[in-house]
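K.L.:
Take a look at this one; I'll ask things after.
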Amino acid sequence: MKKHNFSAGPCILPKEVFLKASEAVMDLDNSGLSILEISHRSPAFVDIMNEARDLAIELLGLKGQGYQALFLQGGASLQFIMSAYNLLENKAAYLDTGSWSTKAIKEARKLAEVDVVASSSDKNFNYIPKDYNIPKDIDYFHCTSNNTIFGTQIKEFPDTDAPVVCDMSSDIFSRQIDFSYFDVIYAGAQKNMGPAGTTLVVVKEEVLGKVSRDIPSMLDYKIHIGKDSMFNTPPVFAVYTSLLNLRWLKEKGGIEAIQKENENKAKLIYSEIDINPLFKGFANKPDRSTMNATFYLVDDSLKERFDKMCKEAGINGVNGHRSVGGYRASMYNALPKESVGTLVEVMDELERKA
Ligand code: PMP
């Protein structure tokens, strides 16, 4: 029986995507060859890569605005240093909203000065700092749109004239924002886009070529753009499966359509967290993420019972990250509302029986 999969990533993808991807492992579009054995230079794969790159740009509403999409390897973690390699000459401003931003800051500091404009580390990152100043003399401003571990999400991005770099690993393609506000967007695929193994990087070309350092080829966005994201062998299966998922999203009506579903799912879980006296939310209410809901049991002695009930209901992946504890329900695009409904029923049942 298929589980209700609330895993934070790698995570649930649509059933149609799993099916088509598994068919392609045996035979890609009746070619007599597996997606895993064709050359990445074959016309079939070049078409896959081009369509995936175009579709990513189209879904983000960035067509014809000077952006390029790349499917790279090394995870979002490589982007912490790679984005800095390409854009950081003297100084950058970073917003510190959780472990992943902290790691991005640590990497960028290897290259130049980093001004941390605000941090929510004083409250174990349970909120998004507001009212901070971004200095003018910076190469770029970096932020993390959604904090996967802590369950917070930036709802309003700050005004700045500087280029903006954003780690969107855990909420890309989940909500409509003006993506043209950003100059570099990066996201590990394994949340809202596809399986682990590739990272989407969307770059506005005009921000490149401004640093004086000699960038190693594999870290150079320009080189990857010049080679149409095929500078070296790309992660073919991860790119293909991401393409299937992007096609699924387009067919559903794109980001606007999925945003409504995501908001409904989030409403369902957060109203239960707020109404059920046995549970308490972790994140500051206005900053609550629509992707990762973090909460805990007020009385920890109920944990064993609640965990058992979840298991019996086929609920998977709701344990909180070790740095927050409690529970985390990740509700990425492909998670059906029924799965959230099942979790809410179990929470409800615990209240009735406790
Ligand atoms: N940034 C965010 C917001 C994340 O959630 C994660 C990981 N899940 C990362 C960066 C690191 O990604 P990766 O494991 O792909 O390097």
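Counting starts with 1 at the first residue shown.
Including glycine, each Cβ sits where the backbone N, Cα and C put it.
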K.L.:
Of the candidates ASP131, ASP167, ASP214, which one does TrEMBL list alongside ALA76, SER77, TRP100, THR148, GLN190, ASN232, THR233 as binding pyridoxal 5'-phosphate?
P.N.:
ASP167
K.L.:
I want to verify one value. Collapsing DSSP to three states, which class is ASP167 (pyridoxal 5'-phosphate binding site)?
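P.N.:
Going by the DSSP assignment, ASP167 (pyridoxal 5'-phosphate binding site) falls within a strand, counted as strand.
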K.L.:
Give the helix, strand or coil assignment DSSP yields for TRP100 (pyridoxal 5'-phosphate binding site).
P.N.:
helix
K.L.:
Check each residue in the chain of SER77 (pyridoxal 5'-phosphate binding site) that is at least six apart in sequence and keep those whose C-beta is under 8 Å from its C-beta; list them in sequence order.
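P.N.:
For SER77 (pyridoxal 5'-phosphate binding site), the qualifying residues are LYS103, GLY188.
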K.L.:
CA-CA, which of the binding-site residues ALA76, ASP167, THR233 lies nearest ARG41 (L-glutamate binding site)?
P.N.:
THR233
K.L.:
Which of the binding-site residues ALA76, TRP100, THR148, ASP167, THR233 have a Cβ less than 6 Å from any atom of ligand 1?
P.N.:
ALA76, TRP100, THR148, ASP167
K.L.:
Return one of helix, strand or coil for SER77 (pyridoxal 5'-phosphate binding site), based on DSSP.
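P.N.:
SER77 (pyridoxal 5'-phosphate binding site) sits in a helix per DSSP.
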